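Inspection log for the structure reproduced underneath, given as structure tokens.
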Amino acid sequence: MTNIRKSHPLFKIINDSLIDLPAPSSISSWWNFGSLLGICLGIQILTGLFLAMHYTSDTATAFQSVTHICRDVNYGWILRYLHANGASMFFICLFLHVGRGLYYGSYTFMETWNVGILLLFAVMATAFMGYVLPWGQMSFWGATVITNLLSAIPYIGTDLVEWIWGGFSVDKATLTRFFAFHFLLPFIIAALVMVHLLFLHETGSNNPTGIPSNMDMIPFHPYYTIKDVLGALAMALVLLTLVLFSPDLLGDPDNYTPANPLSTPPHIKPEWYFLFAYAILRSIPNKLGGVLALVLSILVLALMPLLHTSKQRSMMFRPLSQCLFWLLVADLLTLTWIGGQPVEHPFIIIGQLASILYFSLILVLMPLISIVENHLLKW
């Protein structure tokens, strides 16, 4: 008799995705972040669901309802801080996951990569709308500044912004719709994750060497299930340390002041995970140019398969490309730092140089150095 997990229509899907899935024998801990992202999404949906039971999406009571969750709801404080810091963990895992894809050439799986970019945009949109919900000063002004960027679109810009706001400024209608979308999007993300995995399982996983490993595969369970559990425990340790010891470390103190349309905070800035894109936006003195650069800073990832000029897939055996990759990482950290600084000398020029370097590395220098490496190897 066939094992039920291999014959039952429902169990068969789970079996083929998580148990009997053939996986390369050489994948390192950099391949852990996919499962960690799944765990992050689960944590966010669960904590978000319980927070939504106590939250009110009304400008008069939103801030108060978050205070009520922290003070009066049983374990409300831990739900709120798990959700807020869970978003930070989500983005740390996302950036490492994308970085892994860039380093090891995973972007040659075109469908998986493109769905991944869609997921990145969806998660960023969800996080932005979630930041607006507590209705603190930074929530209100962040929403005002970022939605206002759409007014740079020719002809339809102003109408589009007013349509998103549901009025002539960020107000009650805006908060209500942001809550609705913030609740809905994670489920769309979960569906996109299924599509992401569907495309991945069509090709099988990449590995650090970038060489096809079809002749050397091992079952996902128990080898990689136990490895994923270890990764999950490490992430849980970091997340719980953040939540229990310094829950406000990554937040902005301005968000503990209720939203006031009549008083602008001295420095309007988004959460830390958007600072690199915010720095690129601010580095261009033109509004439309800034918006385009902001979108392209993420969308440029879609060009990676076209910009791959090397004869090798992975950077594992390409030291020159490795140098440029780590320069790109350092550049992104510089942009993140600049995004949190005021717009004054010397931060303006540093931001502009870092933005130029970011696009130059991806669009020009990395493809060129790959061609040089091909010649050095006489390929």
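Quick reminder: no glycine exception, Cβ is built from N, Cα and C everywhere.
According to Swiss-Prot, the protein carries these features:
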type: TRANSMEM; residues: 33-53; note: transmembrane segment
type: TRANSMEM; residues: 77-98; note: transmembrane segment
type: BINDING; residues: H83, H182; note: heme b b562 binding site
type: BINDING; residues: H97, H196; note: heme b b566 binding site
type: TRANSMEM; residues: 113-133; note: transmembrane segment
type: TRANSMEM; residues: 178-198; note: transmembrane segment
type: BINDING; residues: H201; note: ubiquinone binding site
type: TRANSMEM; residues: 226-246; note: transmembrane segment
type: TRANSMEM; residues: 288-308; note: transmembrane segment
type: TRANSMEM; residues: 320-340; note: transmembrane segment
type: TRANSMEM; residues: 347-367; note: transmembrane segment
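What Swiss-Prot annotates, mapped onto the structure for a quick look.
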residue: H83; record: heme b b562 binding site; DSSP class: helix
residue: H97; record: heme b b566 binding site; DSSP class: helix
residue: H182; record: heme b b562 binding site; DSSP class: helix
residue: H196; record: heme b b566 binding site; DSSP class: helix
residue: H201; record: ubiquinone binding site; DSSP class: helix
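Of all the binding-site residues listed (H83, H97, H196, H201), H201 has the fewest other CB atoms within 10 A of its CB. Long-range contacts of the transmembrane segment (178-198) within its own chain (CB-CB distance under 8 A, at least 6 residues past either end) are made by residues 17, 38, 41, 44-45, 48, 52, 55, 57, 112, 115-116, 118-119, 122-123, 125-126, 129-130, 132-133, 143.
For H83 (heme b b562 binding site) paired with H97 (heme b b566 binding site), the C-alpha to C-alpha distance reads 20 Å. When Cβ-Cβ distances below 8 Å are used as the criterion, the transmembrane segment (77-98) is approached by residues 30, 33-34, 36-37, 40-41, 43-44, 47-48, 50-51, 66, 69-71, 116, 120, 123, 127, 130, 235, 238-239, 242-243, 247, 250-251, 271-273, 301 of the same chain, each at least six residues removed from its ends. Long-range contacts of the transmembrane segment (226-246) within the same chain, counting only residues at least 6 positions beyond its ends with a Cβ under 8 Å from a Cβ of the stretch, are 29, 32-33, 35-36, 39-40, 78, 81-82, 85-86, 88-89, 93. Annotation for H182 (heme b b562 binding site): same-chain Cβ neighbours under 8 Å, separated by at least 6 residues, are G48, T126, M129, G130, L133. Comparing the residue listed as 'ubiquinone binding site' with H97 (heme b b566 binding site), their Cα atoms are 17 Å apart once rounded.
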